[in-house]
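Participant: One structure, as structure tokens, below. Some questions next.
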Ligand SMILES: Nc1nc2c(ncn2[C@@H]2O[C@H](COP(=O)(O)OP(=O)(O)O)[C@@H](O)[C@H]2O)c(=O)[nH]1
Ligand SMILES: [Mg+2]
């Protein structure tokens, strides 16, 4: 199953997969949202939008529509 | 004499650029606008050792040289234009020690432009608490530049920075990342086509959509030495460039920076858990809004009363001290009250910006945006629009100024345009007296009808503001390229110096920016109300005295009031008021209300005072004025003038009409053009007219 940033629950972490998505703003990349980097979901506003993330040490809030474009591998908590 | 050294402060938002700027320049700074746009331009003079001076420019925060907003365009346009008078001799990149990796991205880009670049690593005071250690010497070697550790808060490293600025000529201007490896062949052809230009500059010109001084974008893209790349290809290359830069940065930091995570104490996550919580987050934010509202609405009334009394005293004093005559009248009744009308806003502006600075300084404002984004986005507003909209309920002037921290121009403009709909405190006296006249003082289901009406008016103002934002969002055709990626900065204790400078700056910009217009209009209004054409005005006292000749029971005071009333009726404003009677009659008003509406342009609350003068009741007692108003007869329809229908019509007119010259003046100042205030004046007033017309015609 395809997992994206938007699927993370609070406190869960993941690794950003290779992406070639056109619509991801360059700004997000510049702030550290690059393939191979780790992300953690810190907080979600009501209706899970926007989302507050820790991406590779940068603390950012992004809208759900963008989070849906970024695929990740979930880091499992149980090994 | 040596020339000033031009210094540009550049860096990501929230790295402490403005704090460093304040430390370098103190109050020796001025805030203006970049020509033609509404981005704030902060510049100042810094005294350096050995009698030298530097001109410091505090540029808007930016994450990279790939511009995505007006603010960021300013930075790149300056750095690409060597003939700009502000073009830096030396760039100072301010970075935050806690976010060094991300901050260095911008640093490498600027260095690659061939500008001598000093790296300031700010917030050095936080290194210990965060367990960060740095090998500054090695970092200087790897980045091939001067690195200065600074704490703007503790005022350390500033002298070293000044010294580095003086010695800027010794800083290497070699690039540190060779961007051309992302597409060697492409860059090769570029180099051959324009051998005289810096390669990285050309690349920026090709990828950015901004204006450049001397390099023409078309010239490059039309050149047939190489095929133009499509937008998608360019974006791919930009991705590649970003990754390349991060590779370089990661390599450098691996050698030079150590973070001992175990000693890091994390206040942020604990605070965030509460402040961005689905319930507590909103509860706390609501509480803070209430506090701000309380401050500008009620605490500021004490200094405002004092200002009021002081200017009334000054006016009186001038009148009794200077020789009587037209000139004295102009000073005592025109200019002094006009100045008072400017100064009166200072307490509210100062209070609001005191609170807003604290919200910004502490990092809380970003949490507000996080909480409010989804709701406000639907209406084309920003999460940050909440603060101006709520403070507009006290006064629109500081509220319009408070939109400055909204990054997207479209969201900011919409906020400015709709703020005047919210019920400001100047409407309150008008509402109170009309409600007292036409709404029965009775309880329905335990609610007092008068109180309920007042509440409805507040809700109505807010609702119309939001509704018109929604419409404006649909019709305003402004490109909104900024993406919603909000950085959530770490929580910090606010710096007193930053807050003080901000409050002083905002107050100054109001007094000297909008103040001129306010003074001019209030003098014009005064002249219109104090002079009139023809015999009726000039011989007012004889005419009135004659009328009352036989009735000997009129007192001196009553006679004076009658004269004042007669004069106002025959002044230019009086004539205008009578002139618009046919226009306002369908709304249920007579010419006296017409005069009061025109005078309200100085400030809405003048309505009550003007009616008092026209009715010659000579007393500010609300009861007296109210009784006199209740006795008025409608000249066309007969019966009382203030009925339920005309009362509601008047309430609605005051709710929607743009009747505040001070607001228009500040909107002109903030948007840099007369277009938007004129639009507000016309659209709001027409809207008010037709709503009031409909209300009266339906209810009468
Ligand atoms: N601890 C600490 N905080 C600082 C320092 N310099 C600035 N700050 C804080 O960092 C925040 C952002 O500062 P500001 O100057 O507005 O940053 P700008 O957005 O880059 O102009 C404010 O809360 C400042 O009080 C510093 O040296 N140490
Ligand atoms: Mg700043």
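Glycine residues also receive a Cβ, built from the backbone N, Cα and C atoms like all the rest.
What TrEMBL says about a protein is an automatic prediction, not a curated fact.
Sequence annotations record features per position, and here TrEMBL assigns GTP binding site to B:11-18, B:36-40, B:58-61, B:122-125. Under the heading Mg(2+) 1 binding site, TrEMBL lists B:22. Sequence annotations record features per position, and here TrEMBL assigns Mg(2+) 2 binding site to B:25, B:26. Under the heading domain 'FeoB-type G', TrEMBL lists B:4-171. Annotation source TrEMBL lists transmembrane segment at B:279-299, B:339-359, B:413-439, B:451-476, B:510-529, B:593-615, B:636-657, B:677-699.
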Participant: If you run the three-state DSSP split on residue B:25 (Mg(2+) 2 binding site), which class comes out?
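Facilitator: Assignment for residue B:25 (Mg(2+) 2 binding site) reads helix.
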Participant: For residue B:17 (GTP binding site), write down the residues of its own chain that are at least 6 apart in sequence and whose Cβ falls under 8 Å from its Cβ; none is a fine answer.
Facilitator: B:9, B:10, B:11, B:58, B:59, B:61, B:94
Participant: Consider only the binding-site residues B:14, B:17, B:25, B:37, B:60, B:123: which of them have a Cβ under 6 Å from an atom of ligand 1? Write none if no residue does.
Facilitator: B:14, B:17, B:123
Participant: Checking the binding-site residues B:25, B:26, B:37, B:123: which ones have Cβ within under 6 Å of ligand 2?
Facilitator: none
Participant: Using C-alpha atoms only, work out the spacing between residue B:26 (Mg(2+) 2 binding site) and residue B:40 (GTP binding site) and round it to an integer in Å.
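Facilitator: Cα-Cα, rounded: 18 Å.
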Participant: Sort out the sequence-distant neighbours of residue B:14 (GTP binding site) for me: same chain, 6+ apart, CB within less than 8 Å of its CB, listed by position.
Facilitator: B:61, B:96, B:363, B:487, B:489
Participant: Near the transmembrane segment (B:510-529), which residues from the same chain, at least 6 beyond its ends, have a CB less than 8 A from one of its CBs?
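Facilitator: Beyond its ends, the transmembrane segment (B:510-529) has Cβ neighbours at 330, 333-335, 337-339, 341-343, 345-346, 349, 397, 401, 568, 571-574, 576, 599, 601-602, 661-662, 664-666, 668-669.
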Participant: Given a Cβ distance threshold of under 8 angstroms, which distant residues of the chain, six or more beyond its ends, lie next to the transmembrane segment (B:339-359)?
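Facilitator: For the transmembrane segment (B:339-359), the nonlocal Cβ contacts are 288, 291-292, 295-296, 299-300, 303-304, 307-308, 310-312, 314-315, 365, 368, 387, 391, 394-395, 397-399, 401-402, 405, 494, 498-499, 502-503, 506-507, 510-511, 514-515, 518-519, 522, 602-603, 662.
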Participant: If I take every residue in the domain 'FeoB-type G' (B:4-171) and average their pLDDT values, what number comes out?
Facilitator: 92
Participant: Which one, from the binding-site residues B:11, B:26, B:60, has the smallest tally of other C-beta atoms lying within 10 Å of its C-beta?
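Facilitator: Output over binding-site residues B:11, B:26, B:60: least Cβ neighbours within 10 Å is B:26.
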Participant: What is the interatomic distance between the Cα atoms of residue B:123 (GTP binding site) and residue B:22 (Mg(2+) 1 binding site), given in whole Å?
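Facilitator: If we compare the Cα positions of residue B:123 (GTP binding site) and residue B:22 (Mg(2+) 1 binding site), the gap is 15 Å.
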Participant: To the nearest Å, how far is the Cα of residue B:40 (GTP binding site) from the Cα of residue B:25 (Mg(2+) 2 binding site)?
Facilitator: 17
Participant: At a 10 A cut-off on CB-CB distances, which of the binding-site residues B:37, B:123 has the highest count?
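Facilitator: Per the Cβ count, the most surrounded site is B:123.
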